[in-house]
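Per Swiss-Prot, the features are:
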type	residues	note
BINDING	GLY170, ASP171, ARG172, GLN173, ILE174, GLY175, LYS176, THR177	ATP binding site
SITE	SER374	site 'Required for activity'
Amino acid sequence: MQQLNPSEISEIIKGRIDNLDVSSQARNEGTVVSVSDGIVRIHGLADVMYGEMIEFPGGVYGMALNLEQDSVGAVVLGAYDTLAEGMSAKCTGRILEVPVGKELLGRVVDALGNPIDGKGPLGNTETDAVEKVAPGVIWRKSVDQPVQTGYKSVDAMIPVGRGQRELIIGDRQIGKTAMAIDAIINQKDSGIFCVYVAVGQKRSTVANIVRKLEENGALANTIVVVASASESAALQFLAPYAGCTMGEFFRDRGEDALIVYDDLSKQAVAYRQISLLLRRPPGREAYPGDVFYLHSRLLERASRVSEEYVEKFTNGAVTGKTGSLTALPIIETQAGDVSAFVPTNVISITDGQIFLESAMFNSGIRPAVNAGVSVSRVGGAAQTKIIKKLSGGIRTALAQYRELAAFAQFASDLDEATRKQLEHGQRVTELMKQKQYAPMSIADMALSLYAAERGFLTDVEIAKIGSFEQALIAYFNRDHAELMAKINVKGDFNDEIDAGIKAGIEKFKATQTW
């Protein structure tokens, strides 16, 4: 056996020290303590931030939501079946970001911005944070430009302005999604970009919506964000924020955008599930204490921003333009109960609500808008001039009709004035009916409202109101195309337009059939 003298031993040690690779990487790493139901508990992450992305082996990511004294609770974004106790978990120092930009228009993406429509990668897109602070009061501008939904009942009585938050609320299966989709279809030539966020819906339902948007030429102008019912609660919770970030891209660059959240009830349920699994204390209806903040921080991001904000954001690249993000959140009620926890929260956050009623829907009045309890708190200032002028008596007529109709059931004989009011109300109710996927232009709508407001429907049978309206619009678009184009472009109402519409309707009634 070879003997080593002390000098050789010291030389070997020196050589090893000289050749030692001492380059080290400082990182914050912990150990997975438990994995269950999409929730991971991690021990040993010292400097983790709230909402920070956490990396697990195999390219799986999570999001830190509970920062406790000796552990961190995180939700896994995606499949968690590969994770096991004892695995390492690393902090990334980043918060969740999603792709943004015009490359997303016409595409269907998941809650993390990955394309799921089979049309290939998105291309060169920027990314932006999912959680952002809403613009401050100083940077905002008042709402004074309209978003035309194409629905007579909405644009006449409950107008929506650019930068407004207008809630669509009602029971299941009474046309909430149909109304929102029609509003998106009506924007295809308006220059407003659209984002449709589907939360907790069946994939077949979403596929049908995408097909309808494509058939009506509106998909090229729309981003569809999907967190279906089969996906994790974490993705259903994040999808509205991801969609909002994609919409803010347009707002911050001086463009106008419209976002539909379908629906926030399912997002609240997903957040409740996450919170209960994270062992947070439950409150009313088992929702966590911050469920109001869940929706308020999302809906406050919908706003109209000033020219100065856009100029500052784009570093002077865009000047003299305001930007807006208009939100149409949808809430599903149970048996018409708007006093439940989530509906009351969202009603108090938004700038008005469109209330859809089951009884009206079942009696064939579609869209089933209850004009009495629906309201738009800021949209009046944004309403098109001609629609504002002609719609004044419509809401009153409907409100009086509903009141008198209930009274008339018990009264045997009615005086002449009451009978006329009832008949006028019936005709206006019939006129407010509208087919799905058939949004109306400003001129078409003005024509219908003019006929109702100026008494041209008095001698038309109630059963024939719909066919009268269709024939009238077709006649004007054929024989008075110049007048219709003028109304559509300017939206003004003056003596010349008044006289033109009046003469046209009189001639139509004298010469045409319906």
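Placed from the backbone N, Cα and C atoms, the Cβ positions cover glycine too.
On a predicted model such as this, the values are computed, not experimentally measured, just so you know.
Positions of the features from Swiss-Prot, shown on the structure.
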residue	record	Cβ neighbours (10 Å)
GLY170	ATP binding site	27
ASP171	ATP binding site	17
ARG172	ATP binding site	11
GLN173	ATP binding site	10
ILE174	ATP binding site	22
GLY175	ATP binding site	18
LYS176	ATP binding site	25
THR177	ATP binding site	19
SER374	site 'Required for activity'	22
Rounded to a whole number of Å, the separation of the Cα atoms of ILE174 (ATP binding site) and SER374 (site 'Required for activity') comes to 15
Apart from the site residues GLY170, ASP171, ARG172, GLN173, ILE174, GLY175, LYS176, THR177, the 8 Å Cβ neighbourhood of the ATP centroid comprises GLU332, LEU356, PHE361
Rounded to a whole number, how many Å is the Cα of THR177 (ATP binding site) away from the Cα of SER374 (site 'Required for activity')? 17
Whole-number Å distance between the CA of ASP171 (ATP binding site) and the CA of SER374 (site 'Required for activity')? 15
Looking only at DSSP and grouping its letters into three states, which state does GLY175 (ATP binding site) belong to? coil
Roughly how many Å lie between the Cα atoms of GLN173 (ATP binding site) and SER374 (site 'Required for activity'), rounded to a whole value? 19
At the Cα level, what's the spacing in Å between ARG172 (ATP binding site) and SER374 (site 'Required for activity'), rounded? 18
